[in-house]
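Taken verbatim from Swiss-Prot:
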TOPO_DOM  1-9  topological domain 'Cytoplasmic'
TOPO_DOM  29-37  topological domain 'Periplasmic'
TOPO_DOM  57-78  topological domain 'Cytoplasmic'
TOPO_DOM  98-107  topological domain 'Periplasmic'
TOPO_DOM  127-197  topological domain 'Cytoplasmic'
TOPO_DOM  217-228  topological domain 'Periplasmic'
TOPO_DOM  248-268  topological domain 'Cytoplasmic'
TOPO_DOM  288-296  topological domain 'Periplasmic'
TRANSMEM  10-28  transmembrane segment
TRANSMEM  38-56  transmembrane segment
TRANSMEM  79-97  transmembrane segment
TRANSMEM  108-126  transmembrane segment
TRANSMEM  198-216  transmembrane segment
TRANSMEM  229-247  transmembrane segment
TRANSMEM  269-287  transmembrane segment
Amino acid sequence: MMFKQYLQVTKPGIIFGNLISVIGGFLLASKGSIDYPLFIYTLVGVSLVVASGCVFNNFIDRDIDRKMERTKNRVLVKGLISPGVSLVYATLLGIAGFMLLWFGANPLACWLGVMGFVVYVGIYSLYMKRHSVYGTLIGSLSGAAPPVIGYCAVTGDFDSGAAILLAIFSLWQMPHSYAIAIFRLKDYQAANIPVLPVVKGISVAKNHITLYIIAFAVATLMLTLGGYAGYKYLVVAAAVSVWWLGMALRGYKVEDDKVWARKLFGFSIIAITALSIMMSVDFMVPNSQSLLTYVW
């Protein structure tokens, strides 16, 4: 029973979703030549770092989680794990994850993990989520870290391919998160969390969703235009982007925003999974200039 509680507090669904993107970035960079020990070290390392961040987030959010229907039964809210124990647990997970990335992958992968962790726990969870409508934007950077870590674990440098991945996954986070905020609007209002639909209204949020999906569509094309992914990837990227944009535009005519937002959220998961799969299997050898090389 205790194992289940310690697993739940790490948010395994979030870990699994991040692993899909890590695999996408790793295999894109590997280009068919897979270093399996490196692959395992990277997956486990990122999983532990994400788990650590989620436990810290649960610790920080336990007061507002009590006010939200979706989160009122979380482990820390119900007192099934003490706050002190959760902090020790989160710290140990983080140390293990960062050590695996440093020694099993490379220092750059580790530092990217540290940056993503600091943004999520230190900037987003501790401050921005509760105080700023821009919290979602800042949080999107940490959400985009895993595929970049996977990519840089292979390459050892931050090149234009890594930058494109950062853009794709950051831009994807925005409509994905705003959709959640719309169909969970009452929860966010009850907890006084200043997400865009609460502060500016659902109509403004719909405009932002549409614009971010357009930007996401452009970013996805850059992997092919930059010589990193092939035309099969391009076709899938274009198809999911057009469909997702169409769903967003239909939101201006719907009567039930909650139902629409839930569908938009559901398709966002399909879209990013499809892209992660396609970049894993339809890769190309790029001609690129390194933006940041870590020599060790």
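Cβ atoms are placed via backbone N, Cα and C, with glycine included.
Sequence-distant contacts of the topological domain 'Cytoplasmic' (57-78), counting only residues of its own chain at least 6 positions beyond either end whose CB sits under 8 Å from a CB of the stretch, comprise 5, 8-9, 11, 86-87, 90, 120-121, 125-126, 129-130, 184, 186-188, 190-193. Pairs of Cβ atoms less than 8 Å apart link the transmembrane segment (269-287) most often to 10-28, out of 10-28, 38-56, 79-97. Most Cβ pairs within less than 8 Å of the transmembrane segment (79-97), among stretches 10-28, 38-56, 108-126, 229-247, belong to 38-56.
In the predicted model, residues of the topological domain 'Periplasmic' (98-107) average a pLDDT of 98.
In terms of DSSP helix, strand and coil, the topological domain 'Cytoplasmic' (57-78) has 8 helix, 0 strand, 14 coil.
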